[in-house]
Amino acid sequence: MTVIALAAGKGTRMKSPLPKVLHPVAGRPMIEKVIQASKQAGAAEVRVIVGHGQNLVRQVVEPMGVACYVQDEQLGTAHAVRCAKPETIEGVVVIMNGDHPLIEASDIKDFVRIFRDEKCDLAVVTAVLKNPGEFGRIVRHKGDLAAIVEAKDASAEALKIREINTGIYIVKASVLSEYLPQISNNNAKKEYYITDLIALCIQDKCRVQAIQSTPKVAVGVNNQLELARATRLLFKRKALRLMEDGVLMIDPRTVYVEESVEIGAGTVIYPNVFIRGRTKIGSFTVIESNAFISDCEIGDSVQIRGGSYLESSKLHNKVSAGPYARLRPETEIFEEAHVGNFVEMKKVKFGKKSKAGHLTYLGDAEIGEEVNVGCGTITCNYAADKKKYKTKIGNRVFVGSDTQFVAPIEVGDDAIIGSGSTITKNVPAKALAVARGKQFIKENYSAKTAETEEKEQV
């Protein structure tokens, strides 16, 4: 089986400089969804027709192992298929649009199976819609496919038909090679339409069939509203699958999980959560409202409190983060550690059972086990030379509130750092380090100040 994906159009109704097929649907370009479904369905080869913005399209699709064929002028769907050199293909050919992101591998497999079982020469996939709109109508005679009539050319009677052409075709390569050159552009737009292939095959009494499918396969994307609808449907599909696998969603309508995300059974997700990228989440984890998680690895029984923002980080089992924690790339939080509210970390290894409860920034740091990091602690990792330096803190260290570590610096095991300190030198194990201005007291100072001010006013 070979798939030809049509992706050369400008997509002018998108009103965007980005080629239409590259617009993201639930996190990935829609053409990528079509290619992925084709490969999962067993396609030996996928040929993508490119044209408008072809360099950008190639950057996305060629790493997926597909071949690109150029349609320099957009002269219709049949012309696009010609550009794929069908005479070099053998077996079964599936033709579909690159802007149908809801197509699944199981759909393609079913279409090809029916095509083969019915010994078809050509088949068109159809669907019955409540509002057929501008879709081409399927005209049947005694149940068999008789013609496809475009909406703009249809009579009032034909417009009442609700069965439509989805734009997906399955055809023998030999039939495609024979009849494709016979398609003319004798129409108002002077374009070559793939639907004319049906008429030619019916005329020559080829075995032509209409395979009726579900409305989802008809969901194409031509404007931003349709893009949003397709995205919503994909998020809904993902949410349903996760819930079937044992994930609890308080309100799945407001949970947005991209297809690439993996989540274990028993995990609870509150409303208004977005999880994307290559994220993997274990079992019995709780993710509270307004959390954003991207490309993270999260273990079992983790607590992610509301408003937390996590990206490219790893959280081991029984970690708690937030509310309003921010974990930036290359951060790793080990078992049973706690990252509290308004704590930000970047490039940090935060040890087992360590705690940073509030209002803290740790960057380019290695923090040992069972460390207590007091409120307002900062690792000063960025120097005037525009280089970043590392802070290393050993096990069981107590860091008092409002401490600054001026990197590069190391603190040994079991050390104590006094509150309000600016630490600029290494601290040995078990040592006490205090670096702050000496406190002094002036007795009755406020009373004397008030008396002076009163005299000045007189």
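Residue numbering: from 1, along the chain as shown.
Any Cβ shown, glycine's included, is placed from N, Cα and C.
Taken verbatim from Swiss-Prot:
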REGION    1-224  region 'Pyrophosphorylase'
BINDING   6-9, LYS20, GLN71, 76-77, GLY136, GLU150, ASN165, ASN222, ARG328, LYS346, TYR361, ASN372  UDP-N-acetyl-alpha-D-glucosamine binding site
REGION    225-245  region 'Linker'
REGION    246-458  region 'N-acetyltransferase'
ACT_SITE  HIS358  active site, proton acceptor
BINDING   ASN381, TYR382, SER401, SER419, ARG436  acetyl-CoA binding site
Worksheet item: Using C-alpha atoms, which one of the recorded positions LYS20, GLY76, GLY136, HIS358, TYR361 comes nearest to SER401 (acetyl-CoA binding site)?
Response: HIS358
Worksheet item: Looking only at residues six or more beyond either end of the region 'Linker' (225-245), which have a C-beta under 8 A from one in the stretch?
Response: 14, 23-26, 30, 101-102, 216, 219, 252-253, 255-259, 261, 263, 265
Worksheet item: Between the binding-site residues LEU6, LYS20, GLY76, ASN165, ARG328, which lies closest to TYR382 (acetyl-CoA binding site), Cα to Cα?
Response: ARG328
Practice prompt. Work through the recorded positions one by one (LEU6, GLY76, HIS358) and name whichever has its CA nearest to the CA of ASN381 (acetyl-CoA binding site).
Written response: HIS358
Discussion item. Within 10 Å of GLY76 (UDP-N-acetyl-alpha-D-glucosamine binding site) (Cα to Cα), which of the recorded positions HIS358, SER419, ARG436 do you find?
Written reply: none
Discussion item. Let's see if you can do this one: DSSP helix, strand and coil counts over the region 'Linker' (225-245), in that order.
Written reply: 20 helix, 0 strand, 1 coil
Item to complete: Please report how many Å separate the Cα atom of ARG328 (UDP-N-acetyl-alpha-D-glucosamine binding site) from that of ARG436 (acetyl-CoA binding site), as a whole number.
Response: 31
Worksheet item: Once the DSSP letters are reduced so that anything not helix or strand counts as coil, what is LYS20 (UDP-N-acetyl-alpha-D-glucosamine binding site)?
Response: helix
Worksheet, complete the sentence: Rounding to whole Å, the Cα atoms of ALA8 (UDP-N-acetyl-alpha-D-glucosamine binding site) and HIS358 (active site, proton acceptor) are apart by 53
Worksheet item: If one measures from the C-alpha of HIS358 (active site, proton acceptor) to the C-alpha of SER419 (acetyl-CoA binding site), what distance in angstrom results, rounded to a whole number?
Response: 15
Worksheet item: Expressed to the nearest Å, what is the distance separating LEU6 (UDP-N-acetyl-alpha-D-glucosamine binding site) and ARG436 (acetyl-CoA binding site) at their Cα atoms?
Response: 69
Worksheet, complete the sentence: Students should find that the Cα atoms of ASN165 (UDP-N-acetyl-alpha-D-glucosamine binding site) and ARG436 (acetyl-CoA binding site) sit apart, in Å rounded to an integer, by 77
Worksheet, complete the sentence: With neighbours defined as other CB atoms within 10 A, the best-packed of the binding-site residues GLY76, GLY136 is GLY136
Worksheet item: So of TYR361, TYR382, which of the binding-site residues has the fewest other Cβ atoms within 10 Å around its own Cβ?
Response: TYR382
Discussion item. According to DSSP, does ASN165 (UDP-N-acetyl-alpha-D-glucosamine binding site) sit in a helix, a strand, or coil?
Written reply: strand
Fill in: LYS20, ARG328, HIS358, ARG436 as recorded positions, winner by CB count within 10 A
LYS20
